[in-house]
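> After the structure tokens below, expect a handful of questions from me.
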Amino acid sequence: MRKAVPAKAGDKQRQNQNGPPGGKAGQPRLYGALTKKRDEDTSTEVGEGVDEWSTSKTVVKPPDQLELTEAELKEEFTRVLTANNPHAPRNIVRYSFKERAYKPISYVDQIAIHFSLNGNMILRDSDEGRRQSLRLSNASEKAPSESSAVVSEEAEIKDEKGTEDTQAAEEEEAEGAEAAEAAEAAEAEEPPPPKVKEKKLANQFNFIERSSRTLDNPLRERASQSEPTPCKNFSANANQWEIYDAYVEELQKMEKSKEKEKPKAQIGKKEEKKRGKKLTSLELQSDDITKISNAAKIMERMVNQNIFDDIAQDFKYFEDASDEYRDHRGTLLPLWKFQYDKTKRLAVTAISWNPKYKDLFAVGYGSYDFMKQSQGMLVLYTMKNPTFPEYVFSSESGIMCLDIHNDHPHLMAVGFYDGNVAIYNFKKATSQPSYKSSAKSGKHTDPVWQVKWQKDDMDNNLNFFSVSSDGRIVSWTLVKNELVHTDVIKLSAEGTTMQGPEGLQLQTVGCGTSFDFHKKIDYLFLVGTEEGKIYKCSKCYSSQFLDVFEAHHMAVDSVSWNPYHLKIFISCSSDWTVKIWDHTIKTPMFIYDLNAAVGDVAWSPYSSTVFAAVTTDGKAHVFDLNINKYEALCTQVVVAKKKNKITHIQFNPVYPVVIIGDERGQVTCLKLSPNLRKMPKGFACEASLPASHTAGIAAFDRRRRARR
């Protein structure tokens, strides 16, 4: 009989026949190619009992695999790893305000963040880590002292119990027990100090949300019960005759009541008429005035037109015929005089025509005597009603300058003596400005001498510029019903330094008095100063000037670009001179000495060669360079009083009139004679004239012909 072999023995026997165990499974592959024939014989002998791992495996190649030579296999391909992000864009462009074009950006951020986590661990060597470690060490020193005191108390209790047991024991064992107790007491007195576990340093700023709950008020119900209404039961029988009798009685009562009410109604109507008269005279007076205010204005203008009919006829039709015999000389014909009772003690500090309503102009009132400053007023007059202003606004500080928006003629920018700027809205029925600066919003520290509206910014926000004696030129933008300021440039007087404390050299600040922006080039503007210099500046540069003109010996009162010639500007000063400049040349082209301080100068809107100036001796001067380059065509006294001075002059954009303001609060309207408003030869400048002005000139010509 064949002996049965255990499972383990059988496995070993198969392993001896087929090869090494599973731990060396790779060994038959090494020499399997050499003994392939032997393996085939053994596999046929063993049959189904052979394991799968012991059989040889053939390598299967895909049909499209490349067959490379040994040289090609040994060839090395190097790849350089760089820190550049392959997905980063390389064609980003941004707009350059300096070059006014889009420029590509050379530097592109190559960082790609795949994961970020904010931890709450801190470094041991940091200041906060050292503080926390010192705090924990102090706490650990206090803990062992408390634990040693507790252990000593437990040892004393054990000693007391041990002594009681030794007394009951035998004398021979007493010595051994005492020795054991002494050893235990010694161990108890000096216990080993417990090891303090090191605590993890946590971030002290890792706060946890804490919440608290307040007590809810208990709900209470309140109710009240009323007494029930009294009820009565009523019952009756009705027939047809009773119903008819009831209707007849009701009709008779109604007729009697009508007869009684007739005399009362007549008496009541008489009383109501009397009461109505009292109400209209006292309570309803304001309501009636508002209803008829528009009609009252029209009637007032009609009455004034009848009163000043001769002046209105002169304004429309009169032409000085003597101009033909004066050798190009001209005159100014006085028309209306505008004055308000409350502005008699104030000086005219600013004048501006409304760009939409050609007969309406605004006048700012303040004081040039800085020792006698008082309140200011803003008044709007119209040539249709010279007796009373259309709008009146009062202010706490004197008004020094103003400007009306070209696209929004109901908005006016105003500069005050105290350094504030404000915007008035004529559509609102309030006497206070709609928007005003403050000390928090960056107001000027000195009087504001001039304000100018500019084009809206890129976000379509309204903005205007202001210049002040503190040397700052500020851009004010109306953003969300608030004035936001931006300092464009700060004037500094070159070559003038002051000796400060501790030997410091302090540079003096230039005091701006006037400025004007170029009509075509938006970023270019001129600034006149109290030192007599004129700075040519750009909005793009906040610390440098494009050019400096040594213009006058005293303060520059006004500077203005020519509306037709892009290179020419004019300036006037208190040094009695008016100068005409080309901004590309450092020296003036024309110099005119007017024998008195010049308060203001203005270009005409109908010719590039005509301008007018006013002096403090009460005279107005009108020049036309196309006719006479050396002297004025008209020099006329406008203010006769010696103590009175002329401050400002402005041409009307359509009609041939000028308005002149003086220090007594009076505004005079004068008409230019034909010699003073001649067009250039062949109407060469007519193409550049505004359509409104050419239409106004044509209308005047038609009226003059009809008059003849």
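Each residue, glycine too, has its Cβ placed from N, Cα and C.
Relevant sequence annotations retrieved from TrEMBL are reproduced here:
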type	residues	note
REGION	1-58	region 'Disordered'
REGION	133-234	region 'Disordered'
COMPBIAS	139-152	compositional bias 'Low complexity'
COMPBIAS	167-178	compositional bias 'Acidic residues'
COMPBIAS	210-224	compositional bias 'Basic and acidic residues'
COMPBIAS	225-234	compositional bias 'Polar residues'
COMPBIAS	255-274	compositional bias 'Basic and acidic residues'
REGION	255-279	region 'Disordered'
REPEAT	549-582	repeat 'WD'
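Have a look at these and tell me how they're positioned relative to everything else.
Taken through DSSP, the compositional bias 'Polar residues' (225-234) splits into 0 helix, 0 strand, 10 coil.
Taken together, the residues in the repeat 'WD' (549-582) have a mean pLDDT of 90 on the 0 to 100 scale.
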> For the compositional bias 'Basic and acidic residues' (210-224), what are the same-chain contacts with Cβ under 8 Å, counting residues 6+ beyond its ends?
none
> Excluding the flanking five residues on each side, which residues at least 6 beyond the ends of the repeat 'WD' (549-582) place their CB within less than 8 Å of a CB in that stretch?
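For the repeat 'WD' (549-582), the list is 513-521, 526-536, 588-603, 605, 608, 611, 613, 615, 625, 685, 688.
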> Under DSSP, the compositional bias 'Basic and acidic residues' (210-224) has how many residues in helix, strand and coil?
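Each residue of the compositional bias 'Basic and acidic residues' (210-224) counted once, the result is 0 helix, 0 strand, 15 coil.
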> DSSP on the repeat 'WD' (549-582): how many residues come out helix, how many strand, how many coil?
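Within the repeat 'WD' (549-582) the tally stands at 0 helix, 20 strand, 14 coil.
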